[in-house]
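Asks: Pulled from TrEMBL, these are the listed features:
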- 9-123: domain 'Response regulatory' (DOMAIN)
- ASP58: 4-aspartylphosphate (MOD_RES)
Amino acid sequence: MQQRNGDTMVYVIDDDSSVRRAMLRLMRSAGLNASAFSSVDEFLAVDFSADNTCVVADVHMSGIDPLDLPSLLEKKGKSPPVIFITANDTPETRSRVRKAGAAGYFRKPVDGQALIDLIHWALSEQSQSTN
C-alpha cells in the first residue's frame, strides 16, 4: 500500500453501498484519502476545501442530478474536477456528461488503474490552474 497524500481528498458519491466500499478500498490502496456519500444532497451538505480535491460520482441517482454537480460546486466558489461513472452508458449520457464539464467518464465496472491515473492527472491540472 502506498503512503497517503495528506492533502488529497477524493469524494465518492454513489447510491450503491457496494460500489462506495469498493471505491474507498481502491482510493485508499492508491494512497488517496477518500470519503463516500450515498447522494449528491448528502455530499453538498459537507463543507470542504476544493484544493487537491476530486469528486467521483455515479451519473444516475435520485435527488439532485449528479450532472449538475460541476455547476453547483462552481456556484459555491469551488471547482474540483468531477469524474462520472455509470452502469447505463448511452450516447445521451455521454453527451450530458460532456456538457456538464466532467473531467472524465467511466463505464462500470470501472478500470481501477485508469480511474486512479485520471484522478492524479485531474489533481495535477487543478494544482497548475490554481498556481
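Cβ coordinates come from backbone N, Cα and C, glycine included.
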Asks: In sequence order, what residues of the same chain, 6+ apart, have a Cβ less than 8 Å from the Cβ of the residue listed as '4-aspartylphosphate'?
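Replies: The answer is ILE13, ASP14, ASP15, ASP16, VAL19, PRO66, PHE84, ILE85, THR86.
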Asks: As a test of reading the model: what is the averaged pLDDT for the domain 'Response regulatory' (9-123)?
Replies: 95
Asks: Write out how many residues of the domain 'Response regulatory' (9-123) are helix, how many strand and how many coil, based on DSSP.
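Replies: Across the domain 'Response regulatory' (9-123), DSSP assigns the residues as follows: 50 helix, 26 strand, 39 coil.
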